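Student: Quick one: the structure is below, questions incoming.
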Amino acid sequence: MSLVGQVDRATSSARGRGRRPGELTRGAGLGLGVGVLWLSLLVLLPIAAIVSTAFDEGLAGFWDAVTDREALAAIQFTVGAAALVTVVNAVVGTLIAWVLVRDRFPGKRILEVVIDIPFALPTIVAGLVLITLYGPSGPFGINLVGTRAGVVLALLFVTLPFVVRSVQPVLIDADREVEQAAASLGASGFTIFRRVILPTVTPAVVSGAALSFARALGEFGSVILISANLIGKTQVSSSYILKMIESQETQSAAAVATLLLVVAVVVLVLLDGVQRRTARRG
Amino acid sequence: MKSTPRGPLTRTSSRIAAVLVAASLLAVAGCSSSDDDGETSADGTQGAGGGDTSIDLVGFAVIQSAYDDLADAFAATDEGKGVTVAGSFGASGAQSRAVIAGQDADLVALSLTPDVQNIADEGLIAPDWASDEHQGIVSDSVVVLAVRPGNPKNIQGWDDLIQPGVGIVTADPGTSGSAKWNLLGAYSQALGDSNDTAAAEAYLGKFIDNVVSWNDSGRTATDAFVKGTGDVLISYENEAIAARASGVELDYVVPDTTFLIENPAAVTTTASQAAKDFLDYVRSDAGQEILIAHGFRSVSGVTPSADVEGANDPANPFPDVTIITVEDLGGWSTVNDELFDKENGLVTQLRG
């Protein structure tokens with residue numbers, strides 16, 4: 001709904017002079033139609049199908065499916081791991097972006113490329129890489145296979161670029177003169193960070209973090225090898241969903257998927273709220 | 001600027017929009033007619049030349065190379081002249097659902113009888129598909145124990161798997177139908193001749209406690225094992241032979257008592273004569289020879305006429321051991337209920 005409203009406003013102010021508010025030009029109307037059709041086919045219809053499958057056996061069926069001990073354990077673990085990963089990414093990702101934008105050092109170009117590798121790798125390849133390094137025959141002598149730490153590591157790996165890549169352009173655009181002015185007025189480094197830099201980058205950090213969270217929630221390929229899929233311990237919800245599909249329990253699979261969808265939407269909305277508030281202050 | 005009429009601008013944007021609409025419609029249309037995507041042709045000449053017949057084969061992942069060879073050999077016969085096989089390979093359960101959902105298929109070759117039966121239940125395969133002398137089975141194998149080169153933990157049989165400190169890697173029967181063979185192997189040998197269910201449950205409990213990695217498919221289980229996870233991989237004789245033939249460093253042990261793996265195949269109700277001929281060829285001695293070369297045991301008792309590369313003993317690739325079958329345990333519906341049911345199955349309970 002808000003999308004439609006925004007498009008409305010944007011188009012009527014851009015070239016809708018003399019038109020009644022809310023009325024679209026033919027081109028804009030067609031564009032809006034295509035956009036909504038596209039979104040419907042790709043996103044809304046499939047989601048509606050999943051949600052309706054989830055309630056195939058009514059509310060009780062949905063409740064049974066998501067309170068199944070194994071399902072609950074998988075969901076709790078996945079949401080917790082995704083939250084942890086999101087927090088770590090927000091801090092470390094911002095730091096990496098800061099270093100990449102503000103500092104000059106040899107090998108910076110290479111680091112820029114390295115950051116994107118987790119995006120470029122098919123996730124199952126990421127899983128193989130991780131188990132090679134942090135598996136039983138890895139060079140570091142630490143075996144994370146079948147541990148929760150291993151799963152978190154895999155999620156950190158595949159979500160690393162989100163915060164870095166959303167904060168970087170903001171830092172590049174940030175007006176350094178404001179920081180210099182603050183410094184010349186006697187602000188300490190910490191005050192400058194808190195009052196000047198943080199408000200500028202927070203919206204970007206938050207949007208990157210939101211993407212990290214959503215991705216971590218649904219991650220499959222990179223975690224299946226390192227997690228070892230131990231029920232009640234390291235089983236992630238995507239793996240549980242696959243298992244339900246394979247055992248012809250489509251309704252259970254859809255119910256768990258729907259619950260995850262709700263969690264993701266709630267978190268995205270919350271973070272969106274944070275983003276708006278900080279953006280207004282900034 | 002002021003004199004620029006809005007007309008052309010609007011027209012341009014509507015033209016762009018029209019192009020977008022057309023493109024999206026084409027994309028949607030493309031999706032619906034892209035059933036052939038991802039299929040590989042045995043000889044790369046799928047559909048080439050008028051009058052040639054193409055068989056749509058829907059198979060499980062492991063059999064791809066064997067069926068590529070079978071298709072080539074079939075094309076060299078009189079019946080197979082000009083027939084190409086377009087194969088789509090993937091996880092058995094997913095393939096079964098794809099056919100039910102409408103994927104074109106003349107011939108299905110899957111890892112478990114229930115996966116074919118589910119298609120037959122939808123009326124897409126003749127109800128009597130399993131009424132031949134081999135109950136629709138075209139290739140056999142047995143459950144084996146793959147170990148590290150040199151067998152450092154000296155694993156010789158099932159009893160060694162439940163010793164403390166032995167890490168077992170297996171595919172998860174929840175996500176991989178073919179992993180059911182692994183658990184059936186463990187369970188059935190512990191039942192023994194006296195059909196001691198208590199002993200079998202106790203064994204399976206210890207077995208499950210020793211599992212360090214449940215993988216979503218047989219292939220990822222092999223990957224995890226090759227990367228160093230665990231001490232023993234529950235696998236299939238044909239998988240172990242194929243892995244060794246392709247240079248993977250592992251040894252395997254065929255236990256004295258093990259479980260028979262049976263892979264069924266059937267033609268669909270809409271299959272062409274060529275597909276029926278091809279299935280007959282797979283069942284023929286010549287076809288069974290090709291499966292043997294890929295590490296499978298023959299259904300019809302054809303003996304290997306050449307060395308099987310990758311086997312422990314290439315000259316005697318299939319050692320004679322005591323073999324338990326799913327029929328011995330009461331058939332698929334019984335084992336699915338007793339062992340693999342999501343609520344009350346023994347495996348589910350022991351894992352929970």
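The backbone N, Cα and C atoms fix where each Cβ goes, and this holds for glycine too.
TrEMBL labels come from automatic prediction, so no person has curated them.
Since we're looking at a predicted model, the values are computed, not measured.
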Student: Identify the region 'Disordered' range according to TrEMBL, selecting from A:1-21, A:232-252.
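Tutor: Comparing A:1-21, A:232-252 with TrEMBL, region 'Disordered' matches A:1-21.
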Student: Can we call the transmembrane segment (A:27-51) and the transmembrane segment (A:204-232) in contact, meaning three or more C-beta pairs below 8 angstroms at a sequence separation of 6+?
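Tutor: No; fewer than 3 Cβ pairs under 8 Å.
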Student: In the same chain, who gets a Cβ under 8 Å from the transmembrane segment (A:140-164) while lying at least 6 residues past its ends?
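Tutor: Answer is 77, 81-82, 84-86, 88-90, 92-94, 96-97, 100, 115-116, 118-119, 123, 126-127, 130-131, 133-134, 205, 208-209, 211-212, 215-216, 219, 222-223, 225-228, 230, 233-234, 236.
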